[in-house]
Amino acid sequence: MSDDYAETDAGRREVSVGRSGDGRSGGGAATATRRTALKTIGAAAAGGTLLSGRASAGVPTPRLHTDGKWIRDPQGNEVQLRGMATADPGFYRQYHPKSFEEVLRWATDTDRGWHPNVVRLPITQDSVNEFGIETVVSEFVRPAVDILASRDVYALVDFHLIRPYTQGATETYNSENEDTLDPIDDVMRTFWNAVAPEFADDEHVIYELFNEPTQPAMYGDDEGAWQTWRDAAQPWVDLVREHAPETPIIVGSPRWTSVTHMAPEYPFEGENLIYAAHIYPANGAPSEFDQYYGEPADDVPVVVTEFGWDPAGGSVDQGTTSGWGEPFRQWAEDYANMGWISWCFDDSWAPTFFDSPGEGAASTWTLKDGDDQMGGYIKGWLDETKTDSVPASAVDDSTAPPAPPNPTVSNATEISVDLSWDGVTDEGEAGLSHYTVYLDGERVHEALAGATETTVSGLSPGTTYEFAVTAEDDVGNESDPATVVAETIARDAQQSPYDGPHTLPGRVQAEDFDEGGQGISYTDTSAANQGGATYRDTAVDIGTSAESGYNVGYISTGEWLEYTVQVESAGTRTTRVNVSAGSGGGGTLRISVDGETLATQDVWQTGGWSNWQAIRVGDLDLPEGEHVVRVTADSGAWNFDWIEFGESSGSGDTTAPPAPADLSVTGRSSSSISVEWDGVTDTGGSGLDSYAVHVDGSEVRTVPAGTTSATVEDLSAETRYSVAVSAVDGAGNESAMTSASATTDAAADTTAPSAPANLSVTDTTSASVSVSWDAATDDGSGVDHYVVSLDGSEDGTVPAGTTTATVDGLAADSSYEIGASAVDAAGNASPTVTVAATTDESDGDATAPSAPPNLSVTDTTTSTVALSWDASTDPGGSGVDHYVVSLDGSDEQTVPADTTAATVQGLSIETAYDLAVTAVDGAGNESAAATVTATTAASDDDGSEDDGSDGETPADALVVDDYDGDPGWPSHRNDLDQWCGAGSFANGGGEETGGALVLEYDDGGWFQSQINRDVSDYDTLVFEVSGANGGEESEVLFDMGGVRTMLADVTDDSVGTSTSAVRVDMESTGIDRSSPSVRLNFWQGGSSTLTIEEIRLE
């Protein structure tokens, strides 16, 4: 089939999934009706419900994972992703005559010669803003993912952002441009909180985190730009991974995803991560790509998720196949692990594969297959590599599934039919993959293995078609077709009143819309009457209503109904509509007469799909004579029973006030919602009297005319409510309502997690016991960590994802009781479960090590004493394990065997102390003590008395983190409950030891602790810190509130070898303290160890 694809009204064939019954219509039984004009040959009419597919069963698209620089399938085969991107599905819905489903099927149609193993689905913020994230997920991404599953093609869901990636850069952008960008963290979390869990079980899905991060670009500082990007994006990677533990994630880079070369040196944390590159002719010649895009692929998985060229392109993409495209292919194929995805399978998103006449014309797409054009070249490249794009199946199966029995056509309309069939079981070894639907011999749709019904739409009225269904297994064996013939209904293009014009004033029943059919007297987006009532022969969803006999249900955005009316006399008519909306429903309706809009009205949730409520729209002026009234669903989902045009509301002032504007939610709790609105002015003469506040359609209170805010209380926690406000004048005229929706907060979590199950001993030594347990569950705030106890006393904690622990420092051949309990994020602790354990007998070493020689005091301050000693020896054979430092006879801290120095902190000024050090070997034998006496200093080195900055925190300080283990450093939460983390140090992500964070660095390392609040009330940032060498302030790059420079440049203090305060005057340094997202970053060069005891603001 040619890629010159002519699309006309008669020839355009789209297959869409029909909506299944969700109880939105009426209260009566829904009975399927056979259309009298339906003619079937060889099959009986029957109803059914489409079962939407989830994950592909096909062998060609199993879950991928990374292994070093490779992307592999579960069998270990190397997989190279090769394919193309389409335009945003929302773009097709808003602006393009083609549908994204049609384009996706074309892009993966092997009969047309297209052979990608991956298609990139760019989802823009514009689509999220226009349709809402729930609609984007359910109506765009889900159908696209299922189509690609049925085609055995990987689906790359790309959040197609092109914008600043830090909040600081976002605010700079907003201050310099007329348009305003939302906070970047809110944008990312809104998208991925919806998308990541929805497709976590779809094995053929891959996520692309952020299309092109732009600012800060930091030209000339590739390392700094990458690390700033990683700081911003790591929490988003963690968020996606929390929802989708196994889904591969593709990560971009700053400067429009062009800094890929920093990935091997500073990788993100996490598994199954792939790094993206975007390459166009503006990036240079392919021979120049190795440093930035090729060499990284020697160490990490790399996919070029965008590239392309166009001889007639602009400054970014102008290039030819011979001059740029072919050299790019040669370069890319030099890297056996590098995948590629070309941009763009479209006629308008440049550079494009296709030409079309005019702007997004509906008729013809012509493949750009000239010598120097991209479309034909990419098609050929995919065809030439199709045999190695997908690993061969190990299944030896040549048996096709049986043909699907009982193909049935039902619910024919002028433009669509419902097609169903009985499911089959594959008799071979491969297993069923999907069903294929054909229309007059042309493949139009695939349905996943669990689906046995679909709707074929885009047909012509009064036309006979042959429909066929085949079953295909996972290795491509296709059954014989099962066929059925049916005829669509002829369309009567004449509009006329149903049962005569409706006389006004009076009530018009929703089901009595005009005759004429689809597009003439109504528009209905479903294929047939889902309401099931036999009142009229129509595709409109008429159901039964306990109130008035019938209603129109399943209403969705864009649908409309028209009614011919006869108005007896001109005048103002009080107008009401009777509607219902259950969970997830609600929206906006519009009333127009002869094409002129007279009113719009919010429809809120009424407490159920059968819980009808008459809403007063307001007083509408209707002229005398015959007119056509149209009721349109501007948004949402709701049911419609009747519209009533009554007498005017009375003599004198009959003009209702305008509806309150700009209603917004200003606050909420677990039991209340607060709203505010703009005041209105009454022009009818009686003056504004009050505002009426409604919750889910019921009036709950009024407020006087001068008040423009209210709080509704006694609400249920975690419940979504519609709050509406109307204005009432002195004559009792009431405006239309303006509504806003909000969900109350969750109630406080007071329920403890379940106790850890199956606690057991997994290993013992002469000095330790190791245990494991099954993870606890918590339905509230979630398990935060586990507490491990020894003989009833807490011994330590482990984070929620860890279910093992080792208790050490025990005596040989001794019995202990080990316990474990779960603690949730709200601090609720489960009961402790225990297990008895006995350590092993001593290994025979009964000889203690030598006492540490040459113990001496190396430094003192007003609150610390620093010690050093020479290493002990252990003649017993088990070796020195650690040293114990004692203060006035009590154990104060332990240090590992390879450390011969320690600092004792928290001491009193000018006070004498007895200090001792003993050595302990691997068998638990402890040496005699080496002792020394030391006296703390009387004052600081500068002669001033101690102000509490070393070792004591001022009472009014804001402590960012004091590293006391609560919360624990591995939990990535500081004392402000904000994200913190570190990486690339010699000791990994740092270690929390003895109430301090120890960071060992050697030419690298990053640390960050977020504050995320306004700190304008504080003047000074304080680090309580010490360094192994001293002077580390000259090796630390400090970053906070827009200031990024060496720490030595923003402080007059020095990092010493004993703990002291290093202070940064935030005001004089120019730090922006009003930013809602203040971050602390510092980066190390050189080699040393930094010990941070506390970070605070004073």
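Backbone N, Cα and C atoms are what each Cβ position is placed from, and that goes for glycine too.
TrEMBL: automatically predicted annotations, no manual curation.
Looking at 123-144, 277-298, 739-760, the stretch flagged in TrEMBL as region 'Disordered' turns out to be 739-760. Annotated range for region 'Disordered' in TrEMBL, selecting from 1-33, 1057-1089: 1-33.
Your range for region 'Disordered', going by TrEMBL and the list 62-82, 356-376, 839-859, is 839-859.
Per-residue pLDDT, averaged along the domain 'Fibronectin type-III' (403-492), amounts to 85 for this model. Outside the region 'Disordered' (739-760), and at least 6 residues removed from its termini, the chain residues within Cβ reach (under 8 Å) are 586, 602, 604, 663-665, 668-673, 675, 694, 715-725, 771-781, 783, 786, 803, 818-826, 828-835.
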